[in-house]
């Protein structure tokens, strides 16, 4: 290694910093520079791939940890007092003794921090030493390296099921279509596969890739944390630029699936990768209780200074009152005594040292321990465990558990949060004709009337079927590899794990979503369209019914995989309707769905229709053949057992071909959709015979009902975004050779783009297709269905080529790329031809209405924020009981600000008139508000937001529809800041992240849309119904326990410190103590430290059943709650009274006697112990064995330690002598009399107050406890 001057090192460091801060980076291959020194490497300024998440190093651990701990003002305060005690003129204790408490606290904290950092070090070392394959020019092959050795500019080869070591620009894939399948579950929790595409124009994909021949320059943007966007282009030697986006980027931490191998160019490494930039650790939130605690600590600090001033002033008066110089005042070496004013100044600091425990040093540590205990009980609550997904509640924020007990506003998403997010294809409208699909979706639910909700069809509640016989169309999941007795014993648990595996491997794959029963009328229409033309008749493609289902099959991003998928799969052997196929799990049917008789029918769709009718009986006959097994495929693709392959055949949606051979071989398809809507539409198309067979970046293969396979050339895909609210696919039709744009999207974004819908082919009333379709859409929305419009546009060849050129330039742009891409999409999506619309049902989750009603009864305002149409949102609002029939529902949908202002003013005036009417005294008006996104923007404007917030304060529920993710977070912030209330936001998708992070408490639901919401949340649950117990029970317990424990902590410290303070009036305010220093330290450190922690973890003021049955009890924690200004100062005053009793009763008992100092202090210390512990006993609401053990153990520990200390310590603290003090006291009956009398008199007022309060004016919580008896 050559020596380099410090100036050169500084120069390189500055150059590297400038290179990393540039907006654009130019990267070249490292291969030409392999083996050269680092100074000649072109990419040397960029970070290596090694990561370091530890905070400390071995040598710097102690100073860095101390520096971090001193950021806590409490630690700085106590260390300062300990150092002050080393100054002779102000010390109160032995200097070493004063250091013990703070040293113990800081040592425990350092050990905890060190252990956590050591675990991070072990994790870093494991990740950094993970092997990978990097191309070596010297070896002419890929060689094994460690992740930490990967550099920007290297070529890395990743194989199937291998984790990507760095952010790679995909240059080659073993897939002939240049596709690499990626699983991003480690980043965003989504288990569905993503397609990544090789950068186009860099060589033939089928000829392999030679890294040494890569001589282009990769220009990319500066690293950022956005997982959905990436700007880059590859500049060839001829200066031709090829654009690349996130679709060509393999992110670090993702797993390669279904692809033999792929090669990528490292663009970001180590801490500059998107995964590491998103790894910010747990977020710190300060709870409302903690903020109130800091205020009370400040009050205690003021009280401490006041007591110290009294002590200093009293010491001055005492010195001035002395007639001469007493013998106990020792002068300095020069025989000089300080003047009384200076002595009193010194005494001020001495009193601070003596009374320092007025600020509870162990309170913060005790709070952390209590929260750990509370989190343990929350996460292990069996009622919050979801058997279907095998998941339990997660506590991701460890310091705001008590905030769950003070919630006043709940903001909830709808789709996936209140609903299942399992989409069922229920209705469609094609060319103005509505097809209801009445039978679809019914068979997947219990059929008894008791198991259905009473209002709407889509509000069916998923209740347990118990041991009843399942409907015929349900899957029977039974283990294939265990015996019948074992199945009976473990069946339920195994089924839950099977469901969990299914849920984790792929979303949107339940039978409820995949079973689509075709509408007979629409089947006949398609049959006529198919039979009206020849095999290659170009007119056939113009039939709108065929185009409608082609659009459903083509216009999506669904990934199709074959049976050799390199993922762990579930093989389900089952008989079902012929329309059922696997969705991420291979489904094999146990019988042929076509019979010899059916193959002779004239129309294959009639064959399929008859088969649907006979499928139910077929189920009953072959039920015992339904089995389930797991088959993990890891290293390579494996086919199923040959015997099974010969015995089992897949269901065909078409008749055999003329030559007698089946058009579809026995194959298994695996669909991977990014949203449940797409999955539902693909399965709907499949049910009518339009089967999506394959998808590549350049083509889509669809099988028609006749069995003919059409390969559409994909020219471009205009992906969905929240601004356009639609997606489009531009393809070239294989039959007509036309350029066709298929588009689907929200009705309000599609209808304004329509041209003339097939008007030239129809006459009369059929020209009103758009109006009829809009009417059907409104009907769908009123029924609570999710609606989409389907359109088509034929683009001329010249227009298409021109547009593709503009699109390519937009994709290669580095500045304003998103805006340019958006403009090109909007430019093409005009003059669309309406084909039809779909209505998809999203069923409510189990017990959603009960949960919302309980939250409202608990005094919580419930808001639902959704992007659905107002009609859909209102319908679901009534179904989930967010809106009630007796409510006064205010609908705000304004076109301009003047109308919005008028509605706000009129409504507020009506609310005030109702409130001021004396006839309505004691009653509340049930008001609910429904507002759309445009009106919401007007209402949030600076001049109207005060009136809007005032109105919402009087509404018990608010329904916001057509809102964007940014509007969701803005609403939460507005309510939280204007009303100063505790807010909770709950959602399940990436669009809910902003809302979740804006609320005081964010809750994510691990649903069908990945884990983004969970990863951004403070708590994670699997079902909305769990919110009821989490908030109303655990939230209430966490808050009341912690609030009462904090109040008790302040009481305990003030009561004990005042014993020392009262004694100063009798010792000239000289900071003398009547209790041994060590026993004073042990009192707070050991004797009375465990009971309040136990109190904060185990105490239950009301049982689970009562809290859930009487939600009104939750109101006690809202607003100021139990821990407020009044309760704090009552506890402080009670502490002053009890300290007076515990001091003056022993003082009067021993007055005019000759007892020594410690003989007087020992009964006083013992009486204080019993008073403080029995005070806690009065506050404990539910005694358990743990309570008795801790309380009796504390008393026993006091006597054991004190007896042992006084028996062995002869001259531990000279000139004091605590030897044999307690032993002598315990032999004196006066000791027991004093202790008993002090304890009774001290606790009598508090006990009397509790008795009178509970008898005369019992609190709601006491009435709730009485319900348990």
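Using N, Cα and C of the backbone, Cβ positions are placed for all residues, glycine too.
Those TrEMBL annotations? Automatic predictions, nothing curated.
As given in TrEMBL:
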- 413: active site, 4-aspartylphosphate intermediate (ACT_SITE)
- 413, 415, 988, 992: Mg(2+) binding site (BINDING)
- 413, 414, 415, 678, 720, 744, 786, 866, 867, 868, 962, 968, 991, 992: ATP binding site (BINDING)
- 42-97: domain 'P-type ATPase N-terminal' (DOMAIN)
- 73-91: transmembrane segment (TRANSMEM)
- 97-115: transmembrane segment (TRANSMEM)
- 293-318: transmembrane segment (TRANSMEM)
- 345-367: transmembrane segment (TRANSMEM)
- 1063-1087: transmembrane segment (TRANSMEM)
- 1125-1148: transmembrane segment (TRANSMEM)
- 1160-1178: transmembrane segment (TRANSMEM)
- 1185-1206: transmembrane segment (TRANSMEM)
- 1226-1244: transmembrane segment (TRANSMEM)
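Of the recorded ranges 73-91, 1063-1087, 1185-1206, the transmembrane segment (345-367) has the largest number of C-beta contacts under 8 angstroms with 73-91. A 10 Å cutoff on Cβ-Cβ distances gives residue 962 (ATP binding site) a total of 21 other Cβ atoms nearby, all chains included.
Within the same chain, residues at least 6 positions away in sequence whose Cβ sits under 8 Å from that of residue 415 (Mg(2+) binding site) are 421, 786, 842, 866, 867, 868, 988, 989. Remote same-chain residues near the transmembrane segment (1125-1148) are listed as 296, 299, 303, 1047-1048, 1050-1052, 1054-1059, 1061-1063, 1066, 1160, 1163-1164, 1167-1168, 1171, 1175, 1234, 1237-1238, 1241-1243, 1245-1246 (criterion: CB distance under 8 Å, separation of at least six residues from the stretch ends). Sequence-remote contacts of a segment are chain residues at least 6 beyond its ends whose Cβ falls under 8 Å from one of its Cβ atoms, and for the transmembrane segment (97-115) they are 55-56, 61-62, 65-66, 68-69, 75, 78-79, 81-82, 85, 91, 353, 361-362, 365, 1077-1078, 1081, 1084-1085. Beyond the ends of the transmembrane segment (1160-1178), by six or more residues, the same chain brings 1048, 1051-1052, 1055-1056, 1059, 1073-1076, 1079, 1083, 1087-1088, 1091-1092, 1095, 1138-1139, 1141-1143, 1145-1147, 1150, 1191, 1194-1195, 1198, 1221-1222, 1225, 1230-1231, 1234-1235, 1238-1239, 1242-1243, 1246-1247, 1250 to within a C-beta distance below 8 angstroms of the stretch. Shown are the recorded positions 413, 988, 992; of these, the residue with the fewest other Cβ atoms within 10 Å is 413. Taking every pair among 413, 414, 415, 678, 720, 744, 786, 866, 867, 868, 962, 968, 991, 992, the residues listed as contacting ATP, the largest Cα to Cα separation comes to 25 Å. Within 10 Å of the Cα of residue 992 (Mg(2+) binding site), the following recorded positions from the list 413, 720, 962 place their own Cα: 413. Across the domain 'P-type ATPase N-terminal' (42-97), the DSSP tally of helix, strand and coil residues reads 24 helix, 0 strand, 32 coil. Sequence-distant contacts (6 or more apart, same chain, Cβ under 8 Å) of residue 720 (ATP binding site) comprise 726, 727, 745. Between residue 962 (ATP binding site) and residue 413 (active site, 4-aspartylphosphate intermediate), the C-alpha separation comes to 12 Å. Non-local neighbours of the transmembrane segment (1185-1206) in the same chain are 1076, 1078-1079, 1082, 1086-1088, 1090-1091, 1094, 1098, 1166, 1169-1170, 1173, 1176-1177, 1212, 1218-1223; each lies 6+ residues outside the stretch with a CB under 8 Å from one of its CB atoms. For residue 786 (ATP binding site), the Cβ neighbour count at a 10 Å cut-off comes to 23, with all displayed protein chains included. Residue 413 (active site, 4-aspartylphosphate intermediate) sits 9 Å from residue 991 (ATP binding site), taking the Cα positions as reference. Neighbour density for residue 867 (ATP binding site): within 10 A of its CB lie 23 other CB atoms from the protein chains shown. Residue environment of residue 991 (ATP binding site) contains 22 other Cβ atoms, counted within 10 Å of its Cβ in all protein chains.
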